[in-house]
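For reference, the structure is listed below as structure tokens.
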Amino acid sequence: MGFLVDSQKGGCGVGGGGCFRSLIRRKQVDSVHSKARGHHQLAKELSVLHLIAIGVGSTIGAGVYILVGTVAREHSGPALFMSFLVAGIAAALSAFCYAELASRCPSAGSAYHYSYICVGEGVAWLIGWALILEYTIGGSAVARGISPNLALFFGGQDNLPVFLARHHIPGLDVVVDPCAAVLVLVVTGLLCVGIKESTVAQAVVTSINVCVMLFIIIVGSYLGFKTGWAGYELPTGYFPFGVDGMLAGSATVFFAYIGFDSVASTAEEVKNPQRDLPLGIGLALSICCSLYMLVSVVIVGLVPYYAMDPDTPISSAFAAHGMQWAAYLITAGAVMALCSTLMGSMLPQPRILMAMARDGLLPSFFSDVNKSTQVPVKSTLVTGFGAAVLSFFMDVSQLAGMVSVGTLLAFTMVAISVLILRYVPPDEVPFPSSLQDTIDSVSLQYSKNSQDVYEEKAVVHAGTSKDSTLPLLGKTTRIDYPMLVKQEAQGNFVLNEGKRREIAGWTIAATCIGAALLTYAASDLSLPSLLRFTMCGIGGALLLSGLIVLTCIEQDDARHRFGHSGGFTCPFVPLLPIVCILVNIYLLINLGAATWIRVSVWLVVGVLVYAFYGRTHSSLLDAVYVPATHADEIYRSARESLA
């Protein structure tokens, strides 16, 4: 017997089964076969140095020029550098996960792309929709922060030129910011010119910012050795707020590391993604962590933490040592940091829109790639115009917390995707229904060649997403073999492959639930003590048992054949992804109810868009799912039939 092919549209039938199946259908990793049938590709222009410029420029924003004062005064004290170190290690957990998936699946879309391949269409849509919000608000917020920093060079806000100053419109009670809108439009035009040209511009701006930070480190160290590091000669010691205060500071400064994920969004434009993407992500994060720690060591040493200015800590520290002129240099660095971060915020969004449009979830308008510049110009213009309007009319500072939701959701889903890739990688490949005849032909040929084998063993099955259950849990096929199979050579027993995948899938799901329960109970002090400790116990038990089970069972051999081989492999699996999930869920829960209410409104809008457009226009709507082991044979037969 051959493949049992059953093609069905993903509509909502009786009981809503079609709707559910549309949420869990998964696409394949972009390959030579799929690209040949697909859209225009982006220009492969980026090297490791370009990726480092994107990563460092997107990560080091003007916030670090303020964060050192706020966190030192309220949380860490002289141990501020420890807060940055712990936060850097936490960010590195996500970076490891991103590095593996980016090298295995080097296509535009970043976390949206990985989620679609490993988890399913529904989750991928929500991740992509959340990232759209993140980059739009993030870019607008950064743009509106530039004019106040420029005010120092003109002697205050009142002395700014008309085209740079903010203006209040009485009738509308709106404060408009023309400087922010103009800068967004300039960056948009730069991104339309080409990926290499825009990256070179970002590298120049980032280099100026890094030079300012090196000035702070070198000159600040000279002043510190000259004056005896007064900030460390305190009776309270290095941990005036205790270790808990230092860790609370780490949770705050963690968001200073957000931005390295922009590197992954350019995966399709990297010349050698298997080598360069992991290097670019790792080196960018290492440079940022080193600069953050060195700046914090110097500034906290120059001025006692309790005497630091929370608004301008670095400028005030130099002014306290008679270097008032340094404020101009530091402000220039802050402006350069904002410009670089603006470029980093606007670069990924058109590529995510393009990836979603390629998959049919958004109109094909967004997937067009300009043949001359080889960038998604239409998507870039739409997102740039939207961000310019938002930054011109709205003060988005109150919405800044919504930026973190998209990032942390993406970080969490990338870590889950690594676990799925290692233990239950997709074992089916979607084919367009136009290849149905080829699939039937291969199925018939396979049936003739293996008649005797299949009369005794299980049928090899292929079908649409209606024939699969949750991607985590594998297929609901009958297990014809015992749960334990004896290995003749070693004489010991191992799990049957089907049962191993089922156990691994349920364990990953239970581990995520345990992490959510544990972090929620630990964060919400308003819960009754009995309920809180019970939830902590259940969550901790699920988390620990999940770690133990995943450590004991073998990873799937198919992981070696998944995606593009020869790239980076995330170490310490399953421990590293599980810790990453725990950290990111903890940060998500602690963002506050107001932020979640605003984000929920946006996500509800996204659900409606998906229900009425994305679900019915998905490129997987009529897809036929075939076991991955037969994919190459079907592609080969399809090429031969066209020859």
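Count begins at 1; order follows the chain as displayed.
Yeah, the Cβs are placed from backbone N, Cα and C, and that goes for glycine too.
Curation plays no part in TrEMBL annotations; they are all automatic predictions.
The annotation transmembrane segment is assigned in TrEMBL to 46-68 (among others). Tertiary proximity for the transmembrane segment (46-68) is limited to same-chain residues at least six positions away from its ends with a CB under 8 Å from its CB atoms, namely 80, 142, 145, 149, 195-196, 199-200, 202-203, 205-206, 209-210, 213, 252-253, 255-260, 262-263, 266, 269-271, 275-277, 279-281, 283-285, 287-288, 291-292, 295-296, 299-300, 308, 310-314, 330, 333-335, 337-338, 340-341, 343-345, 347.
According to TrEMBL, the transmembrane segment annotation covers 80-99 (among others).
According to TrEMBL, the feature transmembrane segment maps to 111-132 (among others). Remote same-chain residues near the transmembrane segment (111-132) are listed as 22-29, 101, 105, 261, 264, 348-349, 352-353, 355-356, 359, 361, 405-406, 409-411, 413-414, 416-417, 420-421, 425-426, 470-472, 563, 599, 602-603, 606-607, 609-610, 614, 618, 620 (criterion: CB distance under 8 Å, separation of at least six residues from the stretch ends).
The annotation transmembrane segment is assigned in TrEMBL to 174-193 (among others).
If you look up TrEMBL, you'll see 200-225 (among others) marked as transmembrane segment.
Positions annotated as transmembrane segment by TrEMBL: 237-260 (among others). Counting only same-chain residues 6+ beyond the ends of the transmembrane segment (237-260), those with a CB under 8 A from a CB of the stretch are 55, 57-61, 63-64, 67, 70-72, 74-80, 82-84, 86-88, 90-91, 95, 98, 281, 284-285, 288-289, 292, 305, 341, 344, 403-404, 407, 586-587, 590.
Sequence annotations record features per position, and here TrEMBL assigns transmembrane segment to 281-305 (among others). Using a Cβ-Cβ cut-off under 8 Å and counting only residues 6 or more beyond its ends in the same chain, the transmembrane segment (281-305) has close neighbours at 48, 51-52, 54-56, 59-60, 64, 68-69, 72-73, 76-78, 80-81, 83-85, 88, 91-92, 95, 98-99, 102, 210, 213, 216-217, 220-221, 223-224, 227, 229-232, 234, 240, 253, 256-257, 260, 263-264, 313-314, 316-318, 320-321.
Marked as transmembrane segment by TrEMBL: 375-393 (among others).
According to TrEMBL, the feature transmembrane segment maps to 503-523 (among others).
Annotated transmembrane segment per TrEMBL: 529-553 (among others), in sequence order.
According to TrEMBL, the transmembrane segment annotation covers 565-589 (among others).
Taken through DSSP, the domain 'Cationic amino acid transporter C-terminal' (568-618) splits into 40 helix, 0 strand, 11 coil. The domain 'Cationic amino acid transporter C-terminal' feature in TrEMBL is assigned to 568-618.
Here TrEMBL flags 595-613 (among others) as transmembrane segment.
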Open item on the list: At a C-beta cut-off of under 8 Å, are there same-chain residues at least 6 beyond the transmembrane segment (565-589) that contact it? List them, or none.
Closed with: 90, 93-94, 96-97, 99-100, 102-104, 251, 254, 273-275, 277-278, 404-405, 408-409, 411-412, 415-416, 418-419, 422-423, 511-512, 515-516, 518-520, 522-524, 543, 546-547, 550-551, 555
Open item on the list: With Cβ-Cβ distances below 8 Å as the criterion, list the same-chain residues six or more beyond the ends of the transmembrane segment (529-553) that contact it, or say none.
Closed with: 419, 423, 495, 500, 503-504, 507-508, 510-511, 513-522, 574-575, 578, 582
Task: Leading stretch by Cβ pairs under 8 Å, where the reference is the transmembrane segment (375-393) and the options are 174-193, 200-225, 595-613 - done: 174-193
Task: Other parts of the chain folded back onto the transmembrane segment (174-193), taken as Cβ under 8 Å at six or more residues beyond its ends - done: 139-140, 143-144, 146-147, 150, 163-168, 201, 339, 342-343, 346-347, 350, 370, 373, 375, 377, 380-381, 383-385, 387-389, 391-395
TODO: For the transmembrane segment (503-523), could you work out the same-chain residues 6 or more beyond its ends whose Cβ comes under 8 Å from its Cβ atoms?
DONE: 416, 419-420, 423-424, 470, 472-474, 495, 531-533, 535-536, 538-547, 549-550, 553, 556, 578, 581-582, 585-586, 589-590
Task: Long-range Cβ neighbours of the transmembrane segment (595-613) (under 8 Å; 6 or more residues past either end) - done: 122, 125-126, 129-130, 133, 361-362, 399, 401-402, 404-405
